[in-house]
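Before any comments, here is the structure.
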């Protein structure tokens, strides 16, 4: 519950209050300070008694508000007056207002949890899983992740966004507190800062894994600089930071965090991976010692080290860290099936040029025969990935390629595939139906030296088509049918 008086105080203290508009009357203080709200929402279909409703988004329509009023809405917050006959709290920035009011409404749950946030172009989910398995050795961590979210350590569900909307985020935090959880691990996207989902939130530990061009397009970031800047905001809003010293533009980040408590990891730091093998590595520095690991690839070892250093700051012992790392597996990350002829099928979430390059390098290290890649690109987002995929594929000339659908949304998957193919300097196959593409690729293998690489969707059991999630069995399940 939150009173209107408290709402107004929060907004005024944040210089985010213009006035209340009630009909033709403008008010600085509301005439009835006893008004209270028992529910907050930004979804016009989610209206209960005493709801404070937030109008957000460029596509919001007046009729949504009118429907909410039919359901009993009596008050709303917005950046403009929709003139719908109920009182309005007019603000300058709706997203900032949502964050600050949600924090108070849910009794500041972030102060009752130790918070750990990961950002980076790739590896956020894997690093979050490492942290989850490390912290659960001695604590009760909750996790909000692209792949899975758990608020009680028992039940898991799929997240719609990498970083939830602020009203959902603070509600989740409050549920975690109510469930007796001690820590919260989450992924923070550049979009979360761009659109203000985590405004006013300071994390106990923030980790910056890496940076490469991604999420650049008309509805995301206009330039790489803008993308990089919004990624770096996590460092500004974290009490302790962990940074990969091998990442691009590290010199700038090193200067930025010089006056903050921090750790660096990687070749150019005290915390270096040595004696790296397929399923183990040694570490120098604060956590010097031997570590076994199930997830193959140097990038997974780097993610493990990042999570280890972060969890050390949050109370984990080195023994907890060693146990947690070896226990970690991630759905849709380097999952492997074996065909009857011995060929391997790799299913991985690699969905940009950088992660695809690392995936191909790991597979090529172990499989020396025919390699067939199945790949697509999402519609209406990250258009720059399409050219990036072409550049990566050109660097692997022996690779056979089948282009297919991967969340085409409102675009034609055939045209998306043709755009990717335009950047590839050799003939490729296009099979838009993803199931048929997987079946075809698996029919081309002959021996244990061969491999099929299914990239992009990981464990996602859906296809996004025309703005909606459409049922799809998932790459692993489809591949199992053709073993």
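Placement of Cβ uses the backbone N, Cα and C atoms for every residue, glycine included.
Annotated range for motif 'L-lysine recognition motif' in Swiss-Prot, selecting from 402-405, 406-409, 410-413, 414-417: 406-409. As a summary of secondary structure, the motif 'L-lysine recognition motif' (406-409) carries 0 helix, 1 strand, 3 coil according to DSSP.
Apart from the site residues 120, 121, 122, 123, 124, 125, 126, the chain places the Cβ of 118, 127, 187, 209, 210, 303, 355 no farther than 8 Å from the centroid of the site's Cβ atoms, the recorded ATP location. Counting every protein chain shown, the number of other Cβ atoms lying within 10 Å of the Cβ of residue 231 (N6-carboxylysine) is 24.
Residue 123 (ATP binding site) sits 14 Å from residue 231 (N6-carboxylysine), taking the CA atoms of both as reference points. Rounded to a whole number, the C-alpha distance linking residue 122 (ATP binding site) with residue 231 (N6-carboxylysine) is 12 angstrom.
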